[in-house]
Amino acid sequence: MKLLVIGNGGREHALAWKLAQSPKVETVFVAPGNAGTAIEPKLQNIDLTAHQDLIEFCRKENIVFTVVGPEAPLAAGIVDDFRAAGLKIFGPTQYAAQLESSKDFAKAFMAKYNIPTAQYQTFENADAAHDYVNQKGAPIVIKADGLAAGKGVIVAMTLDEAHAAIDDMLLDNKMGNAGARVVIEDFLQGEEASFIVMVDGNNVLPMATSQDHKRLLDGDKGLNTGGMGAYSPAPVVTPVVYERAMNEIILPTVAGMKAEGHEFTGFLYAGLMIDQSGAPYTIEFNCRFGDPETQPIMSRLNSDLSDLVEAAIDGKLDSVTAEWSPQTAVGVVLAAQNYPETPKKGDIISGLDAANQIGKVFHAGTTANEKGDVLTNGGRVLCVVGLGDNVAQAKAKAYGALEKISFDGMQYRKDIADKAINR
């Protein structure tokens, strides 16, 4: 069968790569894809992004189903458009995707359904926001209401930082429409984890646990990014935390969306903060697989992903199970110079073949020129995954592979997965 994956990042490379491993799959088209999906066996890039063009392509090629990678097409209603055209697609509707595309919608939803999260208020007026911050004190968290590519969250450790973030979003319009409203919430302490599940509207199939590294620099310093590395499984998600996250967060969310008259289908990602007592709180929802978490998680999935997605689209997730490798996977992101602000593009990347002999290199911000050179073409350029019998082995494999790669201005963290090693 022929499938379609929408997106051009490392997450989409990993999803398409995993789907293509199924003996039932002939070709996975990736729209628009990158330099990695262009050369991966059984994958083929197509240069289409408009919903109607993609719908016509699916009809012409008899695509069995489509998987949506990134958040922007979901927020733009691609699932609604495909379903209206009678095509099978895995992802949430535009309404359900508001769990990610509007922080205010998500927080109000959590309040209504008693899903544990930080206390918050929403503001459009800068003066009122400044007053609230002065009253609450720091540390405090300022979030753009809309989609900001994972960079719309400022964890302000001082009041000055909080006031500056409010001014950037509400007065200086630095986030555009995404920051025209801000959610200000209490700072939660603990350890973060990514809890990702597949949902068919009623049934839930958990994916492997993982932990992301959001900050640019070692020791969780520097600017927030889309994610600089991840590992799976995440030891902080103990069996007790796992049960609590399912029962207190995931299942009430799925039931709540159904009660609202908008069943949630697709990947649901709860960003968790786990406090010292083991209580999980929801920091954010994403309505798609995480990036870079997808890369290590897919590296551990032994099941046929196409079977799982088909079951989910057909409302039969309760009839399948996901089998995971007992190994640990560590993924390290290689980012361009000046990421996350003004990443440099167009530099030649060398050493990819040598790195792929040691680990698995997933492409994100890459493109190829006429000569076949792979060039940097985005902020996060590559994610290198290593597998091992324990976290230390997997980390060594990932960094061993990564050391073969070079491009001008390449930056990466050297401490990915250390939290798990040091536990």
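Note that Cβ sites are derived from N, Cα and C of the backbone, with glycine treated the same way.
Per Swiss-Prot, domain 'ATP-grasp' is recorded for 107-314. Confidence for the domain 'ATP-grasp' (107-314), expressed as mean pLDDT, is 95.
Mapped onto three states, the DSSP output places MET157 (ATP binding site) in coil. A C-beta separation below 8 Å, combined with a sequence spacing of at least six in one chain, links MET157 (ATP binding site) to ALA138, PRO139. What Swiss-Prot lists as ATP binding site is 133-194, and the listing cites sequence analysis.
Annotation source Swiss-Prot lists Mg(2+) binding site at GLU284, ASN286. Long-range Cβ proximity for ASN286 (Mg(2+) binding site), meaning a same-chain Cβ under 8 A and a gap of 6 or more residues, is found for GLU71, GLU100, PHE267, LEU268, TYR269, GLY271.
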Item to check | Where VAL133 (ATP binding site) falls in three-state DSSP terms | outcome: helix
